[in-house]
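Here's what TrEMBL has on this protein:
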SIGNAL    1-20  signal peptide
DOMAIN    133-214  domain 'C1q'
Amino acid sequence: MSTVVALLFVLCSCAPDGQLQHSDNPKTDNTVQVYQDGDEGHDEDVPMNNHLTETAVVEARLRVSESQVEEQRVLLQELRAIVAQQSTKLNEMGATMEEQRVLLQELRAIVAQQSTKLNEMGATVEELKRENRERPKVAFSASLSESKGPNSDDGILVYKHVFNNIGEAYSPVTGIFRAPVNGVYYFTYTAFTTSSKKRRVSLYKTSNGDCDRW
């Protein structure tokens, strides 16, 4: 009896502020558990606090994720707006390029037409040059070798003194000029007299046997 009392006294002196509880387990009735004041139910509070902490962390992470999602949504909207603007600009550029392409085709057609006309004009010029080279050159100048008249009847004045007769179209024997090619001819002549009598000099053109005075 004295031994048991001594053991309890030792236990009480070692834990003066604690409480003595016997284990519910009948196999360990001699086991003594000591709890500090204010720590009742400590084994049950620790899991609950850990659960609350994990929930707060999850909620914080969720709020961060929601914030990131919102930022991503705003950024996506901005990117869509930029893409829409770029698409509009590309459409405008495409329309402008189409207009430029049509205009370029029209200019090419005009250039082709002008080139064709220039080629035709060049061919015409070359043809005229060839004809001009092949066309005989006609020119003459002559004078009377002596005075004529007075004459009562019309007659041909033969200019026998020939200065130039390019193309040999004028005959100093007959006094007649025969046009070798079609064209415009220019004639000048002068006549004078020392008497007071009337004078008349005319230039005649014959065609198909008819004689017309110019």
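The backbone N, Cα and C atoms fix where each Cβ goes, glycine too.
What you see is a predicted model, and the numbers here were worked out from it, not measured in a lab.
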Predicted model, mean pLDDT over the domain 'C1q' (133-214): 80
Secondary structure content of the domain 'C1q' (133-214), with strand meaning DSSP E or B: 2 helix, 21 strand, 59 coil
